[in-house]
Amino acid sequence: MPPIFLQWLSLVAMILLQSINGTNSNFPAYSSQLKHLLSMSQIQLNNLAFASDAGKLFGWLSGIAANYLPMWLVLILGSCLGLVGYGVQHLFLIGRVSNLPYGAIFFLAMLAGNSICWINTVCYLVAIRNFPLDGQLVIGLTGSYQGLSAKIYTDIVDVIYPSSDVKRARAYLLLSSILPLIVSVINAPLVRVIKVMKTKRAKDAFIFILVITIATGAFAVMGSIGSTSSLLSPFASAVGMLTLLLAPLLIPLGLGLRHQINQLAEEKVHIEEINNVSMDKMESGVKLDISEIRSESPSESFELSFSSTNEEFNGEIRESNNGDDRISETNEVISVIEEIGVKVMLRRLNFWLYFFVYLFGVTLALVFFNNLGQIAESRGRSASSLVSLSSSFGFFGRLVPSIVEYFVSRRKYMISRPAFVVALMAPTGAAFFLLLANDTSVLWLYISTAIIGVCSGAITTISVSLTTELFGTKNFGVNHNVLVVNIPIGSLLFGYLAAVVYHKEGNAEGKCFGMECYRKTFSLWGTLCFIGTFLALILYARTRKFYNSQRS
């Protein structure tokens, strides 16, 4: 196979892997049923949501494994962790496993949450190594599909069990256990590193895949609206989503076909040149030495045509089965404020500003999404529709920074990422206060969920580049993992407070109905988010000089 084909096929594999890797986002869709089936309190249920986030505390294990094991093996190991974590819970719900204590369920939830890190690690490493000039773009683009996971799982469950809540809860756990493993096994041969010796951006291919991605997000939003207004049937939504997920295959197929056509054309021209030389010599009466013709090696011809063809896309490429192969230097230089390690970073004011901005923004949004099941229950609405909506708009949010970076950076204009974060934090805080609107049609619930999904998704993507610019590239892996420690911390703290309020306002059965269930919680979350906006503004002021210097 042409290496250009394998390089872009690896991108398609990353898209498929990320699209089913957000299994933790399914939790609110079945959390209420899990609570009732296992007779848990709201606080115990919240602890399970925390357990899934706590699995990220051990995400560094996947990084170590990737240093010593092949990519395909790291991928399979991660999906097997999810198989055990979600699979045993599923067996417990259907009665195949009995007497499973709460502590064991907590551990299984944490194991399942950790499995996500392994698949992410493989996708990040392959993206950076296979697309060295556009690594950030590829990471943001493929990572956006993870925000679509809940929508994909919901589409499948809607087709299988459209009405039974108990069966739907079991189906979510079953799919979360087996689907990542199936997709990982299928794509394991494709997540190999293609060594890039010299690169040139494939602009047409990236624009095409961005168009497909935007179309996928638009269809997801339409499907989310359709789940509440019958614009699309569940089957039509599922088939349409599958078609759009497979659409990026057209890119490697097209590039591979074009490579083969150009190669054949080059070989044809080469043969004609040999024939012309032969005819010239015969016409001049000179005897043609057959060895002279053979001296023009076919392998040399192939090498020349192959190099010139790939130069049009991503330069000269060689396939590599070893993930540790080094990539030659490119001309792209990432500007950073300072290159520091984690010990020095922890003494920087910029880090703590950044830490609390993330805590009061992305982490707070994640807690909100984890509680969507109970929020929907309190308003008498379906959790699946809200989960699908948050997933669809979260997908667009994750994608927006990649689109902006691809087109704006080509015009040599440096966007201040702290300013971008400020612009995203303010609407998030406003959305929490919109949730207090006493609207019997729950219109503001859907609007606020969409806003929070877009803004938090965008900040998640921006954070990868922002960590690099603030603290450097050499220790990015450790530095960013230290930053996201606030996710399990915030999940425990904010989720616990929400559970206490919900339990206090609820009835004897532990259920809560009406606006009062989350009124205090939304007020607190909105206030914290506006505090985070103010901290982001301070971070922007402290880094403005650096970003202004990049524009000049």
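All positions are counted from 1 along the displayed chain.
Glycine residues also receive a Cβ, built from the backbone N, Cα and C atoms like all the rest.
Per TrEMBL, the listed range annotated as transmembrane segment is 389-408 (candidates: 29-48, 389-408).
With a cut-off of 8 Å on Cβ pairs spaced 6 or more residues apart, the transmembrane segment (69-88) and the transmembrane segment (171-193) reach 3 or more such pairs and are scored as touching. With respect to Cβ pairs under 8 Å, the transmembrane segment (205-225) is most closely packed against 231-251, considering the stretches 100-127, 171-193, 231-251. When averaged over the domain 'Major facilitator superfamily (MFS) profile' (349-552), pLDDT in the model lands at 84.
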